[in-house]
Amino acid sequence: MVKQLKFSEDARQAMLRGVDQLANAVKVTIGPKGRNVVLDKEFTAPLITNDGVTIAKEIELEDPYENMGAKLVQEVANKTNEIAGDGTTTATVLAQAMIQEGLKNVTSGANPVGLRQGIDKAVKVAVEALHENSQKVENKNEIAQVGAISAADEEIGRYISEAMEKVGNDGVITIEESNGLNTELEVVEGMQFDRGYQSPYMVTDSDKMVAELERPYILVTDKKISSFQDILPLLEQVVQSNRPILIVADEVEGDALTNIVLNRMRGTFTAVAVKAPGFGDRRKAMLEDLAILTGAQVITDDLGLDLKDASIDMLGTASKVEVTKDNTTVVDGDGDENSIDARVSQLKSQIEETESDFDREKLQERLAKLAGGVAVIKVGAASETELKERKLRIEDALNSTRAAVEEGIVAGGGTALVNVYQKVSEIEAEGDIETGVNIVLKALTAPVRQIAENAGLEGSVIVERLKNAEPGVGFNAATNEWVNMLEEGIVDPTKVTRSALQHAASVAAMFLTTEAVVASIPEKNNDQPNMGGMPGMM
């Protein structure tokens with residue numbers, strides 16, 4: 001494909017036009033009085049949202065140079081979303097401010113490399129100051145405040161707070177679409193996997209069609225059980241203990257399944273057979289998780305173990321197991337705490353190392369099941385458009401809340417960035433490095449300025465007053481009042497604010513040091529000649 005090139009000022013100005021188009025579409029959403037953006041969807045109803053990264057991902061510009069500029073800011077939003085899960089609009093506003101101010105200085109003759117050094121220096125000091133001003137999230141109310149501010153909805157904050165209280169900070173909280181109008185919270189305690197009983201005759205409660213096992217033994221194996229004789233010695237030991245047994249195997253079939261059902265119906269013993277969860281390597285890993293949680297030994301050929309030789313001390317135990325047609329839930333497994341903690345640490349390491357979003361999601365689910373449970377927030381709304389918008393807001397709020405628990409909180413509404421202004425202004429530098437520091441100083445005020453403008457106020461007036469205010473005191477754009485942001489619960493997670501600033505600075509520095517841009521020339525579709533026809537035909 002043929003390429004076209006642009007150099008120096010021409011290249012940067014073309015990319016700046018793309019930056020501005022994307023940033024201008026995103027920044028109208030920031031703050032409590034921010035607006036929504038409507039996104040056209042080819043095969044479904046339009047999506048109405050105020051989620052920065054969702055808007056940024058939709059933007060594709062016709063001009064290749066402008067599109068490259070837009071893609072750079074998209075990268076800021078994506079990276080911030082990936083690391084912190086929220087703050088994408090703030091990151092976009094910061095990036096635009098740094099790029100615009102930096103480009104003015106480059107055009108005036110400043111050296112981009114010196115500017116980059118100044119930007120890096122200023123951001124390092126700003127991040128250190130943010131951490132100094134950060135406060136730990138201590139209780140349920142503070143967690144609810146973070147969620148409520150992010151979603152602009154107190155009810156959502158409350159749901160997230162309750163969910164985190166029940167499943168722990170490492171617990172999985174999933175967001176699903178509900179068929180009703182109301183949003184609800186449902187918590188599944190213990191380890192649950194999506195496999196049910198292999199025969200309805202195994203149920204203990206025929207009204208609910210549920211098998212409930214109290215203090216059961218748990219057999220965990222990756223083998224297929226076809227012969228009843230293979231497990232008979234083990235079942236005889238279980239019968240003597242007068243306790244039920246849950247059999248988790250690759251499959252229980254034929255003679256083995258028939259005899260388990262017959263003995264259950266005769267009242268000889270209570271046994272429930274379920275298929276092992278997952279597939280392939282993931283199945284082995286999930287069986288190991290279950291074994292560690294319950295204190296069982298996985299009966300597998302990999303370890304040279306055979307079902308005929310299995311003894312009762314190879315079985316796991318739990319306080320309760322509930323099996324439905326579709327799911328099995330193991331509550332309060334009796335596994336060794338140290339082994340469980342070691343497994344949790346191992347999973348956390350794998351989550352950090354993996355580059356696949358799908359693998360990360362599955363690892364997080366496994367971590368949650370070991371750590372305590374799964375909470376499901378079922379989102380309800382009156383229309384599909386409202387449902388999708390509400391779901392996006394809840395996802396952002398959940399990510400914000402997790403970030404707050406991890407690194408603490410700072411004053412919200414852009415106040416935290418202005419609070420570090422003084423520290424950054426004290427940096428001693430000269431020449432282009434000093435100019436780079438000044439670029440960051442101006443950008444630190446950009447989010448507050450935009451929040452004020454979205455509320456119909458003069459941003460410059462708000463910024464100047466905020467610079468002279470006590471640390472933590474800020475402008476509440478929802479009520480047009482000056483308040484102590486932390487006391488009022490108007491907070492941002494430190495991680496979100498930090499990530500937004502760092503990623504914006506990184507992309508701005510790359511932009512300013514760009515001297516040439518190479519783009520593909522779009523191929524023109526030549527009109528196809530008319531097909532020749534028979535005489536007399538058109």
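Going from the start of the chain as shown, residues are counted 1 onward.
Quick reminder: no glycine exception, Cβ is built from N, Cα and C everywhere.
Record features, source Swiss-Prot:
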BINDING   T29, I30, G31, P32, D86, G87, T88, T89, T90, G413, N476, A477, A478, D492  ATP binding site
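According to DSSP, N476 (ATP binding site) sits within a strand segment. Candidate binding-site residues: T29, T88, T90. Fewest other C-beta atoms within 10 angstroms, T29. Secondary structure from DSSP puts T90 (ATP binding site) in a helix.
Long-range neighbours of D86 (ATP binding site) (same chain, six or more residues apart, CB within less than 8 Å of its CB): T80, S150, D396, A397, N399, S400, A403, P493, V496.
For the ATP site, whose binding residues are given in the record as T29, I30, G31, P32, D86, G87, T88, T89, T90, G413, N476, A477, A478, D492, the maximum C-alpha distance rounds to 20 Å. Long-range Cβ proximity for N476 (ATP binding site), meaning a same-chain Cβ under 8 A and a gap of 6 or more residues, is found for P32, G413, W482, V483, M485, E488, I490.
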